[in-house]
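Q: Here TrEMBL flags 43, 46, 80, 83 as Zn(2+) binding site. Residues or ranges marked as region 'Disordered' by TrEMBL: 244-263.
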């Protein structure tokens, strides 16, 4: 009984592979392949962003007339996920990367700019090795660029210094105005304190009594006014009317003492005790 899944196939003894005819493919035939987007891009038609690694059913073909050191260059066709516009990109064997060709623009990648700058620098050094005049021209251009940079930097420094001086002058003026206001306030406060001290000295005075200093309150005048003089007119009239009514009541009480309700004066006789 044979196995269901086998790796070896049976070839008859008279099998000749040269007798099998080869299939003829067209020269510019395209193959359907499954791939992922090699870089993040943006569709030029609708503006949709396509991130790196998104899977597509793409068509692959060989670019005619282009190669790099005998290495073939392939072109891939994909469609935008939003508007179905056709997008093409090619392989770049020189930089081991891909290049956007049509229908989309590659997003900005800082590391690519750094790599391009490094390549430009190396190309410049290689060119200067065999051309002394180019070295002199590059030095002249570099010195001119440095002078322009220094001039621009000097202008910026002068502008900043001028702005700083203007700011300092404004600060000085504000400080002077603040000091003037503070000095006026201090003078007013000192004046009020001096007036208070003068008033206190007029009312109070210190007298040395033996080894101690005694504070004595000074009277306003030598003669102290009476107490009723300190009262108001209404209070003094009220006190006067009250004292008059009290005096009349006491006189009337003395007159009516010893009389009955009819006004007859009663005289009490002393009763003698009889001894039987």
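Here, residue 1 is simply the first one shown, and the rest follow in order.
Using N, Cα and C of the backbone, Cβ positions are placed for all residues, glycine too.
All TrEMBL annotations are machine predictions without curation.
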Q: Just how many other Cβ atoms lie inside 10 Å of the Cβ on residue 46 (Zn(2+) binding site)?
A: 12
Q: For the Zn(2+) site given as 43, 46, 80, 83, which other residues of the same chain have their Cβ within 8 Å of the site's Cβ centre?
A: 44, 45, 47, 48, 81, 82, 84, 85
Q: Around the Cβ of residue 43 (Zn(2+) binding site), how many other Cβ atoms lie within 10 Å? Please give the count over every shown protein chain.
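A: Within a 10 Å radius of the Cβ of residue 43 (Zn(2+) binding site) lie 20 other Cβ atoms.
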Q: Looking only at 80, 83, the binding-site residues on record, which one has the least crowded Cβ, with the fewest other Cβ atoms within 10 Å?
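A: Minimum Cβ neighbour count within 10 Å, taken over the binding-site residues 80, 83, occurs at 83.
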